[in-house]
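Remarks on the structure that follows.
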């Protein structure tokens, strides 16, 4: 006789456990599941739990050599999505033992690495994760965080101002440095390499770093303020990336930059550790995020990528602008902005927050509002994002008809006016345009 009956097994027999009581140490996931026609939601949810943890399509002999009850993922709750046909929110609990300590790479490889191509599912989206404090404590997190950054820069009580240098490609290193100097001298706190500025034939990284450092120190001497330029250290290998970060540190600049999705979480975590050890701030760009998060029923919501970045490490991350979007999108965006900044966040489905999240004092990340914004958006941005943010105007600075420095002056004056008006009790949503007009006189 044989020990078990071979053949295809229903996942729900093992992995659908609606009576399961989640543990404080479990990683919890909320998936938006669209099953194939004829596949019950319980089977689809159990399949997700199985294929992202211990399961395969049949019973295997080696199942008897371990404790599946200890290590398996469990689909513990399913709810239909209101207003959507054949879509369900499936909740899965994963035992903490399944994950390597301090590795976002391993966490994602387990939870989303294989299951998204599963035949029983028409579409699958990871909406949110609850990361338990026991796992968070295995990560360094951001190199410095919001308060330490403010102390390093000696800038308090207002959002920070930035500018992406344009045109993003084609400038020589010296002309690039000139634009950096003009913007910083005009009143900005930071300027920025674009995400695809690495080390191309028209401007090699070392030349850019040297001219930008010169611009930073000249602007600091003239304004009496601490300035920075996000020097993009992203490279083709981790070794080259660290080499660029080392050179930035040797120049004495305050901040470097990384494209964390195209560069990868392993590289990003290595760079974040280097930055903390060597006193560098780390700006994070989310290039490639829309490939993952744009579809509403498949992929991964950006709030998951934002949580992962806080664990992997970064002091700033691009987070959208909200301005001009629908109210619902505003609430969703502010939901993950607060996930980046706050120490504890309550579950709030209206803001897209599926679980309570406690960060056990891990430093926060400054959200960066960037993309298509200009001086007339300043009142709304100041009101929506508050002081702990970076407002980044590329064309909104360099597009000023009088030049780069006047563009920077306009942004700084508008920001100072909006902050002062807010502190004096004005309603920025109602009076914002009048405040900007009066400031322009």
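Cβ atoms here come from the backbone N, Cα and C positions, even for glycine.
According to Swiss-Prot, the protein has these features:
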| type | residues | note |
| --- | --- | --- |
| MOD_RES | 5 | N6,N6,N6-trimethyllysine |
| BINDING | 114, 164, 168, 286, 318, 370 | substrate binding site |
| ACT_SITE | 166 | active site, proton acceptor |
| BINDING | 192, 194, 195 | Mg(2+) binding site |
| MOD_RES | 192 | N6-carboxylysine |
| ACT_SITE | 285 | active site, proton acceptor |
| SITE | 325 | site 'Transition state stabilizer' |
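Residue 370 (substrate binding site) is 10 Å away from residue 285 (active site, proton acceptor) when you measure Cα to Cα. The Cα of residue 168 (substrate binding site) lies closest to that of 194, out of the binding-site residues 192, 194, 195.
Within 10 Å of residue 194 (Mg(2+) binding site), as judged by C-alpha distances, no binding-site residues are found among 286, 318, 370. Straight-line distance linking the Cα atoms of residue 166 (active site, proton acceptor) and residue 286 (substrate binding site), rounded to a whole number, equals 18 Å. Recorded residues residue 195 (Mg(2+) binding site) and residue 286 (substrate binding site) have their alpha carbons 8 Å apart, per Cα-Cα distance.
For the binding-site residues 114, 164, the largest tally of other C-beta atoms within 10 A is found at 164. The least crowded of the recorded positions 166, 318, judged by other CB atoms within 10 A of its own CB, is 166.
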